[in-house]
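Now, the feature entries from Swiss-Prot:
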type: DOMAIN; residues: 88-193; note: domain 'Bulb-type lectin'
type: CARBOHYD; residues: Asn29; note: N-linked glycosylation site
type: CARBOHYD; residues: Asn103; note: N-linked glycosylation site
type: CARBOHYD; residues: Asn230; note: N-linked glycosylation site
type: CARBOHYD; residues: Asn235; note: N-linked glycosylation site
type: CARBOHYD; residues: Asn274; note: N-linked glycosylation site
type: SIGNAL; residues: 1-24; note: signal peptide
Amino acid sequence: MARFFPLTLTILLFFIQRIDFCHTLVPANETFKFVNEGELGQYISEYFGDYRPLDPFTSPFQLCFYNQTPTAFTLALRMGLRRTESLMRWVWEANRGNPVDENATLTFGPDGNLVLARSNGQVAWQTSTANKGVVGLKILPNGNMVLYDSKGKFLWQSFDTPTDTLLVGQSLKMGAVTKLVSRASPGENVNGPYSLVMEPKGLHLYYKPTTSPKPIRYYSFSLFTKLNKNESLQNVTFEFENENDQGFAFLLSLKYGTSNSLGGASILNRIKYNTTLSFLRLEIDGNVKIYTYNDKVDYGAWEVTYTLFLKAPPPLFQVSLAATESESSECQLPKKCGNFGLCEESQCVGCPTSSGPVLAWSKTCEPPKLSSCGPKDFHYNKLGGWITT
């Protein structure tokens, strides 16, 4: 009988733990049920959407319902304060592409599950944390919304489910979420064609054309291409840190860990003020930018502190000597020049016509449609009006 004792004890401890979880309830004063109804917010928000603020708030972050159309609301975290009179930006979304309607509900019940449901009761999104020991919900100062147990352990966190944005301290991780996906357009909150993907051997940007089942890689972050043959990426985290003890400068970087080393960091920019309230975003057009919020000012609190693809190279005196990931030309953006696609020095090349003249570029520029690939379908156009010297 002695040999069965460890197994019996293990089973007994398991059931005791399960019983403990079943009796752990969220205190009544911590539960809530919000209905998506009533007045809309008065201040300007990103994508010019309407919004309704909810009670969960930790400066400068607040949980909200927001929309661009009256019947399609997204549950999201907003970053920004009213007193700065600056644009409020959306840094996390629960239900992108699966909106809820007026009178939808957000419920945090005694069982510890956070549930977003439409007005007819249909569940649109949830944390799936029912009866797992959750005792509370809070938004941390870094913008991470968490559900935690009686010991303070996070049983669910918004940092584990990024959409197109990484806040400071947020990561892409192998075995979890490994990519950011762009938004389709300012007025359409569904997944767009661009993605920032962490793969075993690098961090890459991809574009998914509507005409192809396979995404096209259009950029690779340089430092991550130097991994040894026998190591692979495990995580990439957006971070800030003091450059020195005096706190005169702050570094924004992408830190990474690998399978057999501590990893390293790709420094993106060096800023002269505290950049804790920053986020990295994959933009609608496929660019990558960092936005930094200065909560110490009353106006113009937002600043773009990094742009991967620039219209023109920055002046030499503005180039950060600390940066290891330099900016590139906008010509690398897949749809910079529409379907015609010819770009030089961040400028779209004019459109040649069958009659000869080259017209100024416009969004309607596109290559001619060929009926076949036969030699008869190819010819040169004579360009008149040129003077040779």
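Any Cβ shown, glycine's included, is placed from N, Cα and C.
Structural mapping of features recorded in Swiss-Prot.
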residue: Asn29; record: N-linked glycosylation site; DSSP (3 states): helix
residue: Asn103; record: N-linked glycosylation site; DSSP (3 states): coil
residue: Asn230; record: N-linked glycosylation site; DSSP (3 states): coil
residue: Asn235; record: N-linked glycosylation site; DSSP (3 states): strand
residue: Asn274; record: N-linked glycosylation site; DSSP (3 states): coil
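Least packed by the Cβ count within 10 Å, out of the glycosylation sites Asn230, Asn274, is Asn230. Of the glycosylation sites Asn29, Asn103, Asn235, Asn235 has the largest number of other Cβ atoms within 10 Å of its own Cβ. Put simply, Asn103 (N-linked glycosylation site) is 40 Å from Asn274 (N-linked glycosylation site) when counted between their Cα atoms. According to DSSP, the secondary structure content of the domain 'Bulb-type lectin' (88-193) in residues is 3 helix, 50 strand, 53 coil. Asn235 (N-linked glycosylation site) and Asn103 (N-linked glycosylation site) have their C-alpha atoms 39 Å apart, to the nearest angstrom. The two recorded residues, Asn29 (N-linked glycosylation site) and Asn103 (N-linked glycosylation site), show a Cα separation of 23 Å. Separation of the C-alpha atoms of Asn103 (N-linked glycosylation site) and Asn230 (N-linked glycosylation site): 54 Å, rounded to the nearest whole number.
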